[in-house]
Every structure is written in C-alpha cells, then in structure tokens.
Amino acid sequence: MDLNTGPPRAGEKVGERAQMLQGQDATTKHPRIVFTSKARNQSVGDKAKRCLRNKLRILNWIGRYNVEWGINDAIAGITLGLTIIPESIACALLAGLPARYGLCSAFVGPLIYLFFGSIDKVIIGPTSLVALVSVQFTVGKPIEFAFMLTFLSGVVQLIMSSLRMGFIFEFISMPVIKAFSSATAILVIESQIKVLLGIKYLVAGLIESVETLFLRYGEANTGDLVMGICAIAFLVLFELLEKVADRGKGNRIWKVTCRYLSFSRTTLIVVITAIVSYVWLQSEPQVPYALSRNALSGLPNITLPVFTIETPEKTYSFWDMIAEMNVGIIVIPIIGILTNLSIGKLTPKGMVDTNHELMTLGLCNVFGSCFQSMPTSGAFTRYAISTACGLKSPMANLYSGIIVLLALVFLSPYFNYIPEATLAAILICSIFTLLDFKLPLRLWRESKRDFGVWVICFFVSVLCGVEVGLFVSLIINVAHLLYLWARPEISVKIQEVDDMQYICVTPGNGIYFPAINHLRAKVLKAAMQAEFQIPVVIDCHKVTGLDFTAAQGFVKLAGGLKCEDDEQSGGRSTEALLVLYRLDVSLQKLIDNVDNLVFCESPDKIREFLTQESLRNGFINLKEHIRASIDLGYKIDMEGES
C-alpha cells in the first residue's frame, strides 16, 4: 500500500489525481522503498546457502577478511598460543592428568571453532574452572575417564543444541554467574596452595582438601614455596607493564614492548624457570622443587574414547563409567557453555546464539575426545588478551592451534623441566581476575534479592561444590520467576465516572492458572469492602495470555461477586457486575457466559454499564438515567411516560 495515496480531495478527479502521482513518481529524486519478505521469495538454493551460513559461521566473515585483520589475528593468535601452552599444562595437572593431555586439549578445539564459532574473541582450550570441576568426577579413576567425560560432555551439548534447549541458560542470572566464578576462583586458589607448598595429594571438595592440607602441613617443601612466590611476584610485576604502557607517555615502541611483555608473562616465567631447572640439573642430580613429568613428545593417537576399561581391580563398562561420573556429564557441559556465553555478553553486540554455541562446543569436545582431550571451553584470561591484542576474527584460533601443535611435536620433552610451583602460580594469577567482590556490595545497596542469590550461590559453591551451587541458584531463580508469575502486580483502585463509582483492577501481565486465585482474592476483598454495591472493571489491556483454568477463574469470580448477608444487604441479595475491559477477542472465547459478566471495548460502554447498574441499585433516578442516555447519543422513547 502506498502511504502517499489517499481519498481524492474535494473537486479533484480520480484521473487527474492518478496522472499527478505518476508525474511525481517520474520526477522524484528519492525512489519509493518497498519492503518485502525475503523468506517468501527465496529459492531452494538460497535457503540452502542461508542454512550453510548459519552453521559454518566462517562463511559470514571470510569474504571481508583483509590484510589488516590478518596481521592483528596473527599477532593475537601467536600471543595466545604462547599463553595457552603453560595454562594448558597447569590445567591438566589441576585435573589430575599428565601435562601432555593439557596440550592435546588446546589444538583440536581451536581448529573446529575457527569454522563454526560465532564469538570472535573466544579461544577454545582447557580452563581452570572446567578442570577443577572435572577432577571431582574423575579423581581416583583411570585416566580414560577424563576422555570419556569429554566425549559425553560434547554429546550432551549436541543434544541440547538439537533440542533447542539454549533458553534454559536464560534462567541463570548475572549475579549467579559472578558468584559462581568467584567461588571457583577461591576453590582453584585453595587447590594450588598445596602445590606451592610441595604437598602431594588429590581429593575432591574444599573441606576435605583443607583438612588434608592441615594434616600434612609438615610435609611442606621450602624450595617449592620459594619458586612459587618468585613466580607470582614475576607475574604480578609484568602484569603492571600493561598499565605502564597504557598510562605512560613514552614512545610507541616502548609501549608496544611493555604490552607484549605483559601478554607473554606466563610464557616468559615458564621459559625462565625451565632454564633454571635445566642448568641446575647439569650439576646436581635433582632440583629442590617438584617438576612436571610425563610430557611425552609427538602427536596423540587419533582414536575413539575407550568404552570399556579394564583395571586390575575392576572392569568398567560404558554404563559403569556413566554411573561413576554421575551428574558430571551434565554439569561439565553447562559450565563450559556458561563461560562462552559470559564472554559473548562482554562483546560489543552482547548477543549470543546459544543453540549454535552449544553445537560448536559439542563438536569441539566430541572431536577432542578422539585426541585424548579434557573438556574445553573459552576462558576469560584468553578473552582479555585477545581484546588487548586487537583480535578481529576467530582466525586467531588457527594460529593458536598451530603453536600448540608445534609445541607438542618439538617441545614436549622440555616441559619436564617446568616446576609445578610455576604452573600453580600461573593458575593463581590467571584465576584471581575472576574474584569480584564489588558486585555484591553494589547488590547490597541496590537489590537485596539479587544480593541474597549471590550469597547463597557463592557459599554453597565453596562449601558443597560448584555443581551444587549452580543447581541451587538455578532453582532459586526459577522459583522467583514462578512467584512473579503466580503473584503478578495487580492495581486495585476506586474510580468515578459521572459521580458513579467502580472498582478498577489492572493486572500487570498475562493471567495464567497460578495467578488467577491471587487476582480473585484481590478483587473479592475490594468488593467486600464496598459491600458488593458497585461494579468491578478489570482493565485487561496488559493481559496477553489466558489459559482455560484462568478463564474459568473469571467465571468463578463473577459468581463470587454476590452478597446474601441479610444484615449487609437489607434483607435482599446483591450482585456486583464484573466488566472485562479491553480483553482480546480471541481470549474472550475461553470464558463462559455468566449473567453478571460482560465485555466491553470503549469507555462509553463502561459508562453505559455503570449507569444501568446505578439505576438497578437505586443510586440514580429515572430522569438522571434518561439524561445520561441522551448524553451518550441514544434516542429515548418518551411515549407512554407521564
């Protein structure tokens, strides 16, 4: 429809109007914009291309790739690759695995995310968060359990994606995510204290870990403690170089040097301490601190995860492994996708296709399990580095994956010289950024309910495990939403029209079966205070939904607007009128016909109903009724009246 056309003006012929419009179309400088639905005009080939682009996200940006993007991505990818190597080794040790398997987890995921990933600044790899939770389900079990957990996590993520279950994560609020991250940081830091002290044990849970630490405190090694403290001091000082580069007034070369020294601090400390260990071992039989071991060279074997594990004590079938890992096959996928979603919300767009991200992360884990990978996801530390390096696209995953592959092939034997205390220092410094205690202080001032959710999630996660804290917080959030659904905001006021009073009720949103009794109680209380003498008008313009139970609730409400108390009604029963104002016609069909229940769409119709009710109840006389009817535009037949 052309919005410029309309009915011809007085004295203007239709033909002349058409000729004038044709002349305007011929001489206009701005062509008329016509909006059409692309979906209707698409061919089968166009739909196939669109579907392919929705899955292979690389097709959406590879056509715009240029030299500038390539340089930025190469710098970011190489920097991230050098960073992810020591972090992967540290995460493997945190998960109770040899260092080699951390590196096996850091090259498959990035290569897959390059093609399917939808968040530019996500670099896939092992994380301390996932490693900490994973160890709770694989501790004391054969190493194959870790690979099976990776496989099952990917399968669960793929199933959730295919069933379009991404909406579930909308029930996890930001306070829950922040509390969850802070609690995890506390747990990771606590788990690495024993490494800094050189004490060897592996247990699940904070309480058990603290008890074991105190019982074995006498086994602490001074060499590990000195190495760990020196590594932490180095990392903290080099982290400050980034601030120096941002605030300093020196030349550009100095700023760039400081910035990249800061980004490469984890690689530098690993190289320095490994060189110290190597030199020490040339003259002494051993070093005074623990070294990481079992870093074999070469690429991992490509094979499916083992579905049957035989040990001297027991043979585990596939179903036995699922039973042993219990809820871990659900918790690990949720934690992994939560990290990616949180990173996606930090990007300028702040929007993430949750179902697609579930599919991508599922593919990373399923294929990663074939390369002896532990569960993987994005990481906040890698996000911070990628942002600072000016990363432009997921192409940085390619460079990062290549760096890790080269390290596996050529550098693995040298990883045996890395002190475990150095890796613990890397984990502590990287996870420390997740501690956020400013948010609860703000929530205390602005939102007590969100503060309570944060406190519950934080302490339950710390004391009972992050999976329990996440589950409890999810239940609290869902319960709160259900409460808001069952107890919507309802405004009840006494209003007047032409000196005629009525009870105006305005529900805040859709009225479904959990909320209808709440609405009825509010209305009946107001009607009882008015002794059922004035009508009730429910303004339904905000009601966008209604179910059968709620519709029957309106019928019962109309039946409840009656008073048969002789003392209140003067010996006669009274019945208040229920008016449903501006209720959608499609919803009206659900409500049965009742004598004292009517529908209306205009204020004039409400005035008419109020006049009739006032006349019936004797609040106005006949002459006032006739005058009011004339004012409303009705013809009153005066014949036969005297």
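Even glycines carry a Cβ here, placed using N, Cα and C.
Going by TrEMBL, these are the annotated features:
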type: DOMAIN; residues: 72-456; note: domain 'SLC26A/SulP transporter'
type: REGION; residues: 1-27; note: region 'Disordered'
type: TRANSMEM; residues: 74-99; note: transmembrane segment
type: TRANSMEM; residues: 111-133; note: transmembrane segment
type: TRANSMEM; residues: 145-167; note: transmembrane segment
type: TRANSMEM; residues: 223-241; note: transmembrane segment
type: TRANSMEM; residues: 262-281; note: transmembrane segment
type: TRANSMEM; residues: 321-341; note: transmembrane segment
type: TRANSMEM; residues: 396-415; note: transmembrane segment
type: TRANSMEM; residues: 421-441; note: transmembrane segment
type: TRANSMEM; residues: 453-486; note: transmembrane segment
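Tallying C-beta pairs under 8 angstroms between the transmembrane segment (453-486) and each of 74-99, 111-133, 262-281, 321-341, 396-415 places 321-341 first. Residues 105-106, 123, 125-128, 130-132, 134-135, 138-139, 143, 146, 188, 191-192, 195, 202, 260, 263-264, 266-267, 269-270, 292-295, 374, 379, 381-382, 385-386, 389-391, 395-404, 407, 415, 418, 420, 422-424, 426-427, 430 of the same chain, all 6+ positions outside the transmembrane segment (74-99), place their C-beta atoms under 8 angstroms from a C-beta of that stretch.
A mean pLDDT of 84 is what the model gives for the domain 'SLC26A/SulP transporter' (72-456). Using a Cβ-Cβ cut-off under 8 Å and counting only residues 6 or more beyond its ends in the same chain, the transmembrane segment (262-281) has close neighbours at 79, 82-83, 85-87, 227, 231, 234-235, 238-242, 245, 287, 291, 385, 388-389, 414-415, 417-419, 422-423, 425-426, 430. Listed stretches 111-133, 145-167, 421-441 were compared with the transmembrane segment (396-415); the greatest number of C-beta pairs under 8 angstroms is found for 111-133.
If one looks beyond the transmembrane segment (421-441) by at least 6 residues along the same chain, the residues whose Cβ comes under 8 Å of a Cβ in the stretch are 86-87, 89-91, 93-94, 128-129, 175, 178-179, 181-182, 184-186, 188-189, 192, 195-196, 198, 224-225, 227-228, 231-232, 235-236, 239, 266, 269-270, 273, 289-290, 292, 380-381, 384, 451, 454-455, 458.
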